[in-house]
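Below is one structure, written out as structure tokens, with a few remarks after it.
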Amino acid sequence: MSDNIESTLTETRHFAPSAEFTENARLKPADLEALHQKAEADYEGFWCDLAREKIDWQTEFTQGLDESKAPHYQWFADGRMNVSYNCIDRHLEVRGNKTAIVFEAENGDTRHLTYRDLYNEVGKLANALKGMGVVKGDRVIIYMPMNAEAVIAMQACARIGAIHSVVFGGFSADALRDRVVDSGSKVVITADGGERGGKVVGLKANVDKALDSNPGDVEKVVVCKRAGNDVTMHADRDVWWEDAVDGESVDCEPEWVEAEHPLFLLYTSGSTGKPKGIQHSSAGYLLGAIVTNEWVFDLQGDDVYWCTADVGWITGHTYVAYGPLAVGATQVVYEGTPTVPDAGRWWKMCQDHGVTVFYTAPTAIRALMKAGPDLPKQYDLSKLRLLGTVGEPINPEAWMWYYTTVGEERCPIVDTWWQTETGANMIAPIPGATTLVPGSCTQALPGIAADVVDEDGKSLGADEGGYLVIKKPWPHMLRTVWGDDQRYKDTYWPKFGGKYYLAGDSARRDSEGNFWIMGRIDDVLNVSGHRMGTMEVESALVAHKAVAEAAVVGRPHDVKGEAIVAFVILQGDRLTGDEAEEMVKELRNWVADQIGPIAKPDDIRFADGLPKTRSGKIMRRLLRSIAKGEEITSDTSTLENEAVIPQLQGKA
Ligand code: PRX
């Protein structure tokens, strides 16, 4: 990825919004300026006014920001509301018959759900969950394909105040079990299987595997019929979704929860230990989802929005399951791969459904650009008016292709920087007001105090690289790490006297004040826009009986951003030739079983030892150079075991 950064350092192209876009945009330059001024003059009042305007409250709040438990900040704490009510019920009168979700399956089957349909489906499932004894505060795991039912399940939990934790359908049974146990979930909602690339992924079978060895607190498993594959149903535990909702009323009175009531947990990787359950609030989170969908995606009445993210990631929470519904938009949901039957699938879908606002990740753009650079031209993309990206810095080449070939030089691109922890976009262009520079996420949104600082917390000048921090608590920030307040403090507030939120990214600002994200400061990899802790992959590798020690690093990859390279020391002798090849295959599959296919190392190298200093510390910087295939020019004579270097380089 650093190569991309290098090329963006010299980027000078600027793209100002067209007069036509600005004319029709929700926020014009003067509106944006006014928002910034208001946020600066009265930070708390700014957010409180928005919270009153954008959210329907059952009980109005009187408190804005409460810092008494810092860094566990609270917002609007004495107010009561319900997220599902705000996403569905409040639209029924004016747009009950408007399409909320257009669902398309990989085989082309399409289904439209109106806001009224959504109300009915969510109400029935919410009542069924209540019937199973799920009450406010109980945790529910959702392990589903990317279909409308996944969104319905999330909304049903929100409706009754249950805290959902969505586990990406690509994660393995082991990863699922860890999350079931850590969250203490009572119910798992899953499907028989999901379809991807024409193959069926046995989701229910994975749930069985996870629960058979350690059921944790799980009492019930709800199974949605989707792929039609054979599954085993456990008599007292498992129930088909359609049987569970049969006879249930569509009306389910929302549980009016406190603003701070946890809406969901979402597990994400860090540099140490197992993934942590990032805990988000109800009202503050929803406010972030609403304002960013309005400001950054400019969502308006007749837009057809499509965010391609899976609900297993934060983007699929804020820009699929909650935000677009809260603002009453029509959105596309697709279960399948972007290359079936060919790399024009997404562009065909944009044409067929008249998509106007499209949001995806740089890795997908690069893959589709490689697989079919001219395919967008075969489709009528004239309805598109705005494009977005998220997950990693976008290299200028991919940006330009997205801009010219997909967006036909008409659509602004919003490059949105944010994280699982931040809940919603934090640094991003406002499409009717901001001048775009390829590779930069441009400027902080109104009410977001982002800055780049040095080791002492001092703001840095133009083009000086440092820590990306947020200097004031914001409504949609994480509240804690589930069950581990200490880890929350240690991870996000370890510096600067505990006053600034440490994002874990390094960044710089240019002379125009635009932010450029330079990469992680910790051992977190960004593989196809997904976070992966090097330690997680290392732990998975050393859990294999043949492995004595392992070190994992990233190396730049043209499509995925970063690829995973593992240096492995086996028990016994180093393997070579066919035996080594067999072991590489076995270890890759092993990691896929332990975590999921996205964590499979791209490259595994065997050696007799890892390069260590005489005090026993693994020289990760050296491993990174080796992984990139760079010549080793630094002095390695201080290493305890210099002889392993040529082995790791594949030269001995
Ligand atoms: O390193 C940054 C990168 O992705 C990290 C957050 O990952 P995750 O929590 O999985 O959320 C991804 C989707 C919000 C960040 O710390 N990142 C995210 N967006 C960008 C980015 N890097 C550069 N530019 C972006 N637009």
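Any Cβ shown, glycine's included, is placed from N, Cα and C.
The ATP site recorded in TrEMBL comprises Gly391, Glu392, Pro393, Asp415, Thr416, Trp417, Trp418, Gln419, Thr420, Asp505, Arg520 together with one of Arg385, Arg531, namely Arg531. For ligand 1, the neighbouring binding-site residues among Thr315, Gly391, Pro393, Trp418, Val547 are Thr315, Gly391, Pro393, Trp418, by Cβ distance under 6 Å. For Val542 (Mg(2+) binding site) paired with Thr420 (ATP binding site), the C-alpha to C-alpha distance reads 28 Å. In the three-state DSSP scheme, Thr416 (ATP binding site) falls into the strand class. Other Cβ atoms within 10 Å of the Cβ of Ser528 (CoA binding site) number 20 in total over all chains. Ranking the binding-site residues Thr315, Thr416, Thr420 by other CB atoms within 10 A of the CB puts Thr420 at the bottom. Other C-beta atoms found within 10 angstroms of the C-beta of His544 (Mg(2+) binding site) number 19, with every protein chain shown included. The secondary structure of Arg196 (CoA binding site), as reduced to three states from DSSP, is extended strand.
The shortest Cα-Cα distance between Pro393 (ATP binding site) and any of the recorded positions Thr315, His544, Val547, Lys617 is the one to Thr315. Each residue contributes its Cα atom, and for Gly197 (CoA binding site) and Gly391 (ATP binding site) these two points are 23 Å apart.
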